[in-house]
Amino acid sequence: MAGNVIEFRHISKSYDETQVLKQIDFEIEAGKFYTLLGPSGCGKTTILRMIAGFLQPTAGDILFEGQRVNDLPANRRQVNTVFQDYALFPHLNVAQNVAFGLEIKKVAKGQIAQKVEEALRLVQLSGYGNREISELSGGQKQRVAIARAIANEPKVLLLDEPLSALDHKLRKEMQSELRSLQRRLGITFIFVTHDQEEALAMSDQIFVMNAGKILQSGTPVDIYDEPINHFVADFIGESNIIPGKMKADYVVSFDGHEFDCVDAGMKQNEPVEVVIRPEDLDITAANTGQVNVTVDTQLFRGVDYQITAHDVNDNEWKINSIHKTTVGQLVGLAFDPEDIHVMRYGEDEATFDARLERYE
Amino acid sequence: MKSKTAYLTPYFLWIALFVIAPMALILYQSFFSITGHFTFGNYEQYLSSGVYLKMTVNSIWYAFIITVLALLVSYPTAYLINHLKNKQLWLLLIILPTWINLLLKTYAFIGLFSQNGSINDFLRFVGLGSHQILFTDASFIFVATYIEIPFMILPIFNALDELNPSLVNASRDLGASAWQTFRRVIFPLTMPGVKAGVQAVFIPSLSLFMITRLIGGNRVITLGTAIEEHFLVTQNWGMGSTIGVILILAMFVVMFLTRDRKNKGGQIR
Amino acid sequence: MKRDHPIRWSNLYLLLVFIVLYLPIIYLIIYSFNAGDTMDRITGFSWRHYLTLFADTRMISIVLNTVIIAVLSALLATIIGTFGALGIDQLKKRSLQNGILSLNNVLMVSPDVIIGASFLIFFTFLGVKLGFGSVLLSHIAFSVPIVVLMVLPKIKDMSQTMIDAAYDLGATKWQTLTRVILPAITPGIFAGYFMAFTYSLDDFAVTFFVTGNGFSTLSVEIYSRARQGIDLEVNALSTLMFLVSLLLVGGYYLLNRYNEKKKIHRAKASQEVDDA
């Protein structure tokens with residue numbers, strides 16, 4: 001397993017009575033951009049702090065390049081962190097902040113200056129070395145925090161919701177910058193966020209977490225198109241989730257009708273949930289689509305209209321459409337078999353992956 | 001774990017030697033007579049002789065007057081300074097006199113108040129004739145109040161300074177007059193500052209002894225004067241300690257009365 | 001226009017307060033140049049009392065004693081108090097922290113006479129000879145809690161992630177302390193030292209109890225001289241002390257203003273770079 005830089009084996013963490021991590025297992029390959037995604041309190045930051053060395057697991061092993069590092073203190077691990085509040089040292093200027101880790105390692109003076117310059121150049125802050133931290137804007141502090149971490153040339157860079165304090169525009173900018181920085185440096189990034197859009201935009205691999213467990217891991221496209229369960233479908237993007245029944249392989253029934261789909265490997269008449277993304281629904285004239293719905297609300301969002309509607313069974317539908325409609329109007333909804341994704345209740349990730357493997 | 005105790009060693013040693021030991025010793029000493037025998041006599045004497053009780057009541061009364069006067073002068077001063085343009089500079093000017101040694105300021109008043117001093121010159125000039133000012137109760141109260149005023153202004157100023165100005169605007173916006181705003185919003189919110197000021201003034205006023213000697217001319221005897229007298233003049237440490245214990249009790253009462261009631265939840269500040 | 005009135009009254013009130021606050025000090029200063037020997041009547045201008053002061057070796061040695069005690073006691077109290085505050089912050093249990101802080105504050109709220117009297121009993125009990133040593137120990141003792149109270153909020157304000165960041169970047173515990181924690185709380189440490197220094201300079205009551213016969217500080221000396229009546233040499237001394245205080249305060253204020261201006265200026269400059 002030469003490609004794995006970090007491995008978690010059966011990691012649990014408890015504080016007194018409460019278990020914050022339950023039997024976590026995962027492998028992190030070198031050179032990729034990973035995102036731990038989940039709502040606050042799901043345990044994602046706990047995992048990050050364990051990798052950094054600020055927390056020890058209650059049970060299980062943390063492996064760094066194949067070596068068990070459970071008891072290695074933070075200051076001796078080859079990982080660096082970009083903290084949520086940046087945690088820049090206010091008594092040092094920009095260059096001194098970036099040089100901190102190198103000075104601790106007793107790198108030669110000339111080399112330090114060169115590495116600091118290089119790190120600042122990478123985050124587009126060349127020439128800011130003599131600035132005081134208090135003189136920087138939020139975005140600049142962010143960049144200094146990144147420069148300080150990468151100056152140490154860590155094997156893994158940990159980012160703890162680093163963009164959460166920035167405004168929308170700056171956040172978008174930093175997302176693409178971080179992504180290209182990771183590609184250029186070629187080191188592993190582990191990024192923690194609760195923002196699904198951010199996760200989808202930046203990552204090679206996403207771990208979706210909830211309540212101390214990793215629910216699903218995969219590429220952004222996999223997770224978006226084939227969420228494992230209700231929580232993931234709901235948390236990642238917008239979705240219509242309707243209860244249904246699996247009639248046979250590739251046939252599912254919901255809303256009183258049977259539809260063709262692309263899912264298989266389930267029991268006959270197994271109760272399931274069906275996911276259809278709002279942007280996959282097309283609005284047609286009444287009775288010409290697969291379902292008829294009555295429009296309840298309509299919001300213009302610039303690129304499209306966000307429409308909510310209900311069908312005769314009182315299921316609520318969200319539709320994103322570039323065409324305008326009228327509130328109170330009866331319209332048809334059209335979708336293709338590929339737009340339907342069927343989820344089983346309580347299926348774990350291993351079974352889910354195995355099932356998909358069989359028929360894809 | 002080891003470094004944690006190493007950090008604290010000198011500090012804990014300080015607490016043990018200079019906080020706990022002296023307080024314990026003063027309590028211990030209060031049970032000994034002037035001849036060195038264990039006795040409850042000091043407390044008996046304190047409670048039965050009218051002299052000590054009267055002195056205690058007097059001392060509390062004076063401290064009360066000094067505190068009230070200081071508060072009456074300080075609150076408007078702090079309030080007005082808080083509205084000035086360079087308020088930090090003005091505050092600094094209030095604090096500046098506290099940097100002058102207490103004894104020097106007291107000493108100045110000896111000159112000002114003396115029979116031929118400037119105050120009497122002024123009184124004669126306006127035709128009021130000269131008066132005995134030095135060595136009166138009034139002069140003692142005046143000088144003590146003078147000394148304590150900056151210590152009252154400072155916490156009140158800080159409380160006013162921390163007050164969010166939009167609260168005042170909100171109150172005015174809701175129809176309160178300037179006076180109503182003061183009474184219902186500003187004063188209640190600066191109460192912690194007033195309490196801190198009262199604490200900072202009342203307790204020291206109970207125990208001032210050099211001002212009673214230099215300005216009060218031994219006419220005013222406070223608890224502080226009595227303690228000094230017993231320790232350094234009559235060498236009756238037992239009785240001095242007994243009065244000390246009384247003073248400590250008085251201190252706890254004041255602290256209890258001026259405690260911050262909102263801070264029950266065990267917060268540090 | 002109507003608003004002008006109350007403001008003028010309030011200015012008058014403030015003026016009065018300031019006059020009363022500074023009257024004794026100005027009075028002392030004026031009479032320090034009196035050719036005569038009393039604070040009753042100015043008989044002419046003279047440097048006489050300053051010359052007496054500079055020739056008074058006893059007074060000068062007492063001033064030196066006072067300064068030495070202040071510098072040393074503030075230094076030692078700052079060291080003990082800073083490490084004490086760091087230690088208190090490390091304690092996990094909130095109740096234990098609060099308990100220690102209560103003990104810490106005992107000397108802050110105790111009246112001077114109580115501190116003086118109890119220290120006198122303490123030193124006598126241990127057989128410590130009264131003099132320089134007992135005065136120094138007492139001054140350290142009553143300065144420690146001030147330092148703790150000045151430093152502890154700075155420690156509490158310090159973000160935990162900053163310390164994590166230091167470890168994360170490879171610093172050991174010691175390096176984190178010396179390179180991150182101590183610099184971050186330096187303003188608190190300086191403020192603590194400064195307060196301890198002024199407390200020591202200003203103290204009369206505690207020193208009066210524990211000083212014994214041979215050793216004297218300025219406050220005690222002025223007290224004994226004042227009990228004997230007016231001595232304009234004391235006026236000369238107070239004038240000099242006032243000037244020193246004024247210089248210190250003025251310098252401190254200007255330095256603060258300068259730093260703040262510089263900060264604002266540079267912050268503006270970087271803002272402009274951002275916008276460009």
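Glycine residues also receive a Cβ, built from the backbone N, Cα and C atoms like all the rest.
The shown structure was predicted, so the numbers you read here are calculated from the model rather than taken from an experiment.
Listed in TrEMBL:
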- C:12-33: transmembrane segment (TRANSMEM)
- C:59-86: transmembrane segment (TRANSMEM)
- C:63-252: domain 'ABC transmembrane type-1' (DOMAIN)
- C:106-126: transmembrane segment (TRANSMEM)
- C:132-152: transmembrane segment (TRANSMEM)
- C:180-201: transmembrane segment (TRANSMEM)
- C:236-255: transmembrane segment (TRANSMEM)
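Same-chain residues lying 6+ beyond the ends of the transmembrane segment (C:106-126) with a Cβ under 8 Å from its Cβ atoms: 134, 137-138, 141-142, 144-146, 149, 203-210.
Per-stretch counts of Cβ pairs under 8 Å to the transmembrane segment (C:236-255) identify C:12-33 as the leading one among C:12-33, C:59-86, C:132-152, C:180-201. Just going by CB pairs under 8 A, the stretch in C:12-33, C:59-86, C:180-201 that sits most against the transmembrane segment (C:132-152) is C:59-86. Panel annotation: around the transmembrane segment (C:12-33), residues 39, 42, 45-47, 49-50, 232, 235-236, 238-239, 242 of the same chain, lying at least six beyond its termini, place a Cβ under 8 Å from a Cβ of the stretch.
Counting residues 6+ beyond its ends, the transmembrane segment (C:59-86) has Cβ neighbours under 8 Å at 53, 104, 132, 135-136, 139-140, 143-148, 150-152, 155, 177, 181, 185, 189, 192-194, 196-197, 200-201, 215-219, 221, 233, 237 in the same chain.
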